[in-house]
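Novice: Here's a structure for you.
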Amino acid sequence: MRQRSLPGFGASLGVTLVWLVGLVLLPLLALLLRPWELGPLGVWRSLAEPRVLAALRLSFLGALAASAAMLPLGLLVAWVLVRYRFPGRRLLDGVVDLPFALPTAVAGLALTALYAPNGWLGEPLAALGLKVAYTPLGVGLAMAFVGLPFIVRTVEPVLRDLPLEAEEAAATLGASRAQVIRRVVLPALAPALLAGFAMASARAIGEYGSVIFIAGNMPMVSEIAPLLIVVRLEQFDYAGAAAVGLAMLALSFLLLLALNLATRFWRRA
Amino acid sequence: MSLELRGLSRRFDNAQALRDIALQVDGGEFVALLGPSGSGKTTLLRILAGLDFPDQGEVRIDGQDMAQVPARHRRIGFVFQHYALFRHMTVFENVAFGLRVRPRASRPPEAEIAARVRRLLERMQIAELERRLPEQISGGQRQRVALARALAIEPRLLLLDEPFGALDAEVRKGLRHWLRALHVELGLTSLFVTHDQDEAMELADRVAVMQAGRIVQFDTPARILDQPANGFVAGFIGQAQRFAGRLTSQELIFEGLPLAPLPRALLLGEAAAGAGQGPAEAFVRTHEWQATPGPGNAVLRSARAAGGRVQAVFAVGPALIEAEIPPGLLEPGETCQLDPLTARVFLADTPFATG
């Protein structure tokens with residue numbers, strides 16, 4: 001092999017591979033293999049149960065909807081943090097990360113207390129006919145809560161690097177503020193927004209702790225797929241649990257692949 | 001097109017960026033704002049474009065007060081120092097931007113937009129780059145794209161912030177002549193900011209020399225060279241060396257140096273003609289010295305040939321003096337008598353003397 005100017009390639013690649021295989025690939029491989037002790041037909045039956053399909057639908061559609069709803073809000077929070085200087089900005093900056101740092105069960109309990117039918121917000125909302133806790137809406141709310149920081153933190157650095165001069169140039173060329181946002185700012189932020197959306201979705205799909213309390217976990221209505229895995233484990237149905245896990249893995253992979261391709265397409269367009 | 005500035009002032013948190021600026025530019029003029037960094041040049045340019053706002057004073061274009069006119073309605077082209085191209089758009093789309101954002105009623109049809117953009121790109125000699133992204137072209141090419149983009153809106157005034165600042169010397173020279181020719185050919189009225197006096201002197205019809213937020217002189221390059229308004233201009237322009245001195249009723253005495261006094265009749269500048277006396281500063285350019293070989297007040301330290309003349313450095317007392325001498329006159333280490341032929345002199349109490 002040719003002499004390299006940067007030493008240590010062999011050693012560092014070796015360590016990286018060992019860790020990746022041991023920590024990531026091996027567990028995933030186990031997950032891939034486990035369900036098949038039911039046989040292909042068994043796996044199919046195990047996944048085709050209406051309860052499983054409902055849980056998968058709630059986890060994935062809920063995560064996508066919650067992340068999509070958080071896109072404009074995350075962009076706004078990032079915008080405020082980057083573009084304005086005001087007292088309390090650092091505090092706000094820290095608050096954004098709270099969902100990262102909080103133990104998820106604590107977040108779940110707090111959300112439930114707030115939105116339960118007799119909670120601070122749950123009671124007035126119930127009076128308006130809007131039930132949040134123990135419904136799919138509550139599931140989405142918890143997912144939005146954990147997803148928001150991902151969007152803010154991926155958009156923020158890109159927005160900070162966005163030169164103000166490009167916006168000023170657009171203004172001297174006759175663009176209105178709305179045209180500047182639509183034609184200059186948003187296209188520059190699109191890849192970051194998409195990446196933030198992908199991360200928020202991935203986190204929300206797998207979210208367990210903060211969701212199960214507010215969800216109420218009624219089968220067919222507000223039961224998420226990760227909970228179903230736990231339910232099956234408690235019934236010693238290890239292969240069945242792994243089958244749900246396998247389905248989540250496959251769907252997540254397809255989702256991230258699609259988002260990745262979309263980002264790449266966007267960069268080129 | 002005519003541009004008129006009156007009593008313009010701008011203060012930032014801890015610095016007065018502009019003080020009482022007055023300026024009148026006629027249509028078709030090419031004007032340079034020249035000054036050291038921090039003298040307020042860019043702030044002035046941004047106020048003209050509507051990107052910043054004065055605390056006091058007014059900007060009038062063709063007699064119309066610009067105070068309530070937002071940047072997008074001013075029709076003033078602005079070329080940013082670092083070009084500020086839209087990174088996600090091709091060269092073509094960058095140039096077309098100003099036409100595409102027009103309200104529907106005044107927006108040209110697509111075919112005409114394309115034709116105008118292509119014409120501009122050809123004019124800028126970058127027609128072959130229309131499908132490239134800004135990151136895929138060189139600095140000089142980006143500069144031309146930025147210029148084409150600003151010209152696409154048919155601006156009544158073109159503003160350029162350090163137009164050659166980010167380019168290497170080679171490209172810079174070529175672009176200068178090209179820009180000057182373009183200005184004449186398109187009948188533009190242009191203002192550009194620079195801290196490079198050669199650039200300002202070579203390109204501009206008139207130069208506004210700025211110091212600490214003021215325009216200290218606004219004149220043709222020739223007159224700025226011949227009759228600098230104060231010590232700052234004299235020191236900033238034309239490779240002049242500054243000396244401390246004292247002006248008496250008869251002559252200028254150089255203080256602390258073994259240089260012969262200069263009779264008043266040989267001095268330049270208003271102070272020499274007036275009757276004022278006292279501490280003064282004097283500026284002597286490199287070609288305004290005479291060296292006579294033999295015993296004297298100076299020793300030649302080093303010499304460097306420069307186009308038929310020799311740039312020499314003399315030690316005179318505690319000071320080093322740069323002067324031009326004919327080739328072959330002296331060898332390093334030899335002594336001579338060094339005398340100033342003339343000096344621009346300013347009394348020390350002149351406003352805004354160099355600090």
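Residue numbering: from 1, along the chain as shown.
Every residue, even glycine, has its Cβ placed from backbone N, Cα and C.
Per TrEMBL, transmembrane segment is recorded for A:12-33, A:53-82, A:94-116, A:128-152, A:211-231, A:238-259. Under the heading domain 'ABC transmembrane type-1', TrEMBL lists A:56-257.
Distances, neighbours, how buried they are, the whole picture for these features please.
Specialist: Below 8 angstroms of C-beta separation, residues 242, 245-246, 249 of the same chain, each at least six residues beyond the ends of the transmembrane segment (A:12-33), sit close to that stretch.
Panel annotation: around the transmembrane segment (A:128-152), residues 58, 62-63, 65-67, 69-71, 73-75, 77-78, 81, 96-100, 104, 107-108, 111-112, 115-117, 119, 121-122, 193, 196-197, 199-201, 203-204, 207, 210-211, 214-216, 218, 221-222, 224 of the same chain, lying at least six beyond its termini, place a Cβ under 8 Å from a Cβ of the stretch.
Residues of the same chain lying 6 or more positions beyond the ends of the transmembrane segment (A:211-231) and with a Cβ under 8 Å from any Cβ of it are 50-52, 54-56, 58-60, 62, 105, 108-109, 111-112, 115, 132-136, 138-139, 141-143, 205, 241, 244-245, 247-248.
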